[in-house]
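The transmembrane segment annotation in TrEMBL covers 46-64. Here TrEMBL flags 97-196 as region 'Disordered'. Summarising the annotation, TrEMBL assigns compositional bias 'Polar residues' to 126-145. Annotation comment: TrEMBL describes 146-157 as compositional bias 'Basic and acidic residues'. What TrEMBL records for Glu280, Glu522 is active site, proton donor. Residues or ranges marked as active site in TrEMBL: Asp415, Glu550. Residues annotated as disulfide bond in TrEMBL: Cys479-Cys508. Per TrEMBL, Ca(2+) binding site is recorded for Thr639.
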Amino acid sequence: MYAPSRKDFILLTLSDEDSGGYNNGKQWRRQSCWRKWKQLSRLQRSLILFFFAMLLICGIVMYPKVTWPRSDSPVGVAKDDWGGRDEHELKPVLTRVVPGVLPVPQKQDQGQTLPEPPAERKPHPNKQSSPVLQGRQQNVSGGQSRQDRQEEHELKLKGSQNRWRGAMIEMEQMTEPQPSTGQKPRDAAPQQPGGLVDWPEAVKEAFRHAWKGYREFAWGHDELKPISKSYGEWFGLGLTLIDALDTMWIMGLKEEFEEARKWVATELSFFRNVDVNLFETTIRILGGLLSTYHLTGDSLFLDKAKDIGSRLMPAFSTPSKIPYSDVNIGKGVAHPPRWTSDSTVAEVASIQLEFRELSRLTQDPQYQASKAVDEVMKIVHRLDGKHDGLVPLFINTNSGQFTHRGVFTLGARADSYYEYLLKQWIQGGKKEKELLEDYLQAVEGVKKNLLRKTLSHGLTFVGELSHGRFNPKMDHLVCFLPGTLALGAYNGLPPNHMELATQLMETCYQMYKQMETGLSPEIAHFNLQPHSVRNVEVKSADRHNLLRPETVESLFYMYRFTGDQRYRDWGWEIFQSFNKHTRVPSGGYTSIGNVRDPTNPSPRDKMESFFLAETLKYLYLLFSDDQELISLDKYVFNTEAHPLPIWPSDP
């Protein structure tokens with residue numbers, strides 16, 4: 001059967017606009033949306049608002065990348081920005097010159113001036129901003145220990161030779177006056193009568209250029225990142241500024257010094273919840289403050305030195321009196337690294353010059369006696385495990401014994417131990433015979449176990465010994481040794497120390513000379529095969545240059561003691577190579593990743609504080625004719641090139 005039929009009806013109600021019925025107008029829709037929005041929970045509304053805010057921020061960040069032209073050049077300069085010039089027309093911005101002779105000026109039209117890279121967007125203000133650029137916020141990156149610097153991640157930057165030179169490296173010396181003023185620009189290389197370059201003034205100009213970058217982009221922070229125009233933090237204590245104080249004073253840069261002093265007086269505080277490395281903080285900050293106090297007589301720096309010295313003392317509260325490597329200077333708590341209870345020998349035995357001087361100035365025995373640095377040297381002096389005066393790399397903070405025995409080097413983790421044996425002896429008036437005994441024994445151990453000579457060109461070098469096996473590997477750090485040997489010979493040690501210093505100085509210079517950029521690698525391997533074409537071999541992982549000072553440090557000592565002009569000439573060549581391959585136009589110098597490639601040395605975007613504290617200081621002193629400027633009869637340099645006074649003899 002079929003179901004009965006059903007009738008359907010539709011009800012239609014007609015009303016005028018004001019009757020309050022259905023209304024599709026904009027006002028009604030707004031009211032409906034608002035009603036639904038109010039029905040959402042507070043969490044739902046917060047999530048929706050956060051989502052739209054993130055979309056807006058991403059759009060702002062991505063906008064410059066979408067609109068700016070892309071480029072393979074290291075700093076992002078587009079091909080079209082070269083003004084349509086043929087790349088073959090671009091010439092190297094630096095030319096090698098005969099030392100002491102000003103290169104012939106190369107005139108260029110104003111229309112051929114290379115453009116600056118696109119301006120960066122300015123972030124939110126930062127309270128530690130530069131006096132010049134208030135409110136520029138920087139990117140913060142973590143620091144690393146000196147031994148781990150060679151493992152730093154390489155910045156991968158590509159670009160042709162012309163683009164690198166045109167966009168990254170500016171002219172070393174500008175020899176023509178500005179057309180608009182008829183005067184020489186501030187960065188111009190100073191000239192002496194007769195057209196000769198004034199070498200000390202050229203180094204001062206390089207310092208001003210490096211300081212310009214730090215002042216504008218990293219003021220009050222630890223390190224400058226010159227390419228990205230930002231900064232990196234390690235301890236957050238203004239390492240570069242403190243490290244460079246005595247360099248500015250020695251160079252007579254009073255304006256820059258006064259501005260830095262003001263920051264120390266008003267901004268520098270050690271009451272911070274931060275872990276610092278005992279060794280690095282001692283040689284850079286404590287050493288820098290003590291040195292500046294002695295040069296200026298300003299008690300501000302001594303007060304700051306006493307403050308940081310007291311905060312570092314908890315590191316010595318260990319069962320063995322061998323200090324921990326790390327200290328929290330705000331909490332007063334020290335500890336070893338997370339991965340080991342060992343400290344390196346260089347760390348614990350290269351802090352004595354600074355703490356001894358602090359103790360002498362304050363008459364406070366806590367910095368020197370049994371609680372601190374003198375006890376460390378006594379422990380190391382009597383330890384077993386040495387090999388002909390050479391020490392292993394590590395020492396345990398619990399047991400006070402050497403660990404990882406059988407490996408001996410004058411490179412990383414051991415280098416400054418040997419340096420401080422001699423310098424403590426000199427600092428104390430040549431009275432501490434145990435220090436001299438350990439130093440002389442170590443030099444003989446180097447001669448017996450680590451010294452070799454290449455067969456093809458006769459270069460003398462210091463290798464490494466690992467469980468009885470010799471490795472012809474030499475760190476650039478080892479190039480402190482020629483200067484240290486020369487210093488010992490000058491202070492009455494055997495004359496054959498100076499002979500060895502002369503041979504090693506030649507080798508350290510060749511580590512620069514044989515590289516295509518004229519800059520030394522971090523580590524070199526020497527070819528012991530007869531009839532080899534190249535003496536110095538460099539592995540791909542060791543090709544970086546961190547603007548290190550050790551070679552120019554030794555050149556300074558060698559010239560001071562011999563007066564041989566070749567050491568100045570070698571220093572000038574190295575200085576020109578730094579200017580050619582590491583100088584950044586906006587200010588600062590950068591470490592590079594490949595010393596074998598002059599067309600693209602792979603800038604790393606980092607200027608270590610020791611470039612201002614050591615490298616440029618030693619170059620300036622090398623070129624200075626004033627032998628009494630930091631006299632080596634009155635001062636001894638710590639391992640960060642901070643001069644500390646030699647103690648007066650007792651009447």
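Every residue, even glycine, has its Cβ placed from backbone N, Cα and C.
Automatic prediction, not curation, is the source of TrEMBL annotations.
Here the features listed in TrEMBL are painted onto the structure.
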{"residue": "Asp415", "record": "active site", "Cβ contacts under 8 Å, 6 or more apart": "Ala346, Asp475, Leu477, Val478, Phe480"}
{"residue": "Cys479", "record": "disulfide bond", "Cβ contacts under 8 Å, 6 or more apart": "Leu504, Cys508, Met511, Ser520, Glu550, Thr551, Glu553, Ser554"}
{"residue": "Thr639", "record": "Ca(2+) binding site", "Cβ contacts under 8 Å, 6 or more apart": "Ile283, Ser350, Ser416, Glu419, Tyr420, Phe480"}
- Counting across all protein chains shown, how many other Cβ atoms sit within 10 Å of the Cβ of Glu550 (active site)? 24
- Note on the structure: One should report the C-alpha separation between Glu522 (active site, proton donor) and Glu280 (active site, proton donor), rounded to whole angstrom, as 19
- Task: Take the Cβ of Cys508 (disulfide bond) and count every other Cβ within 10 Å, whichever protein chain it belongs to.
- Result: 28
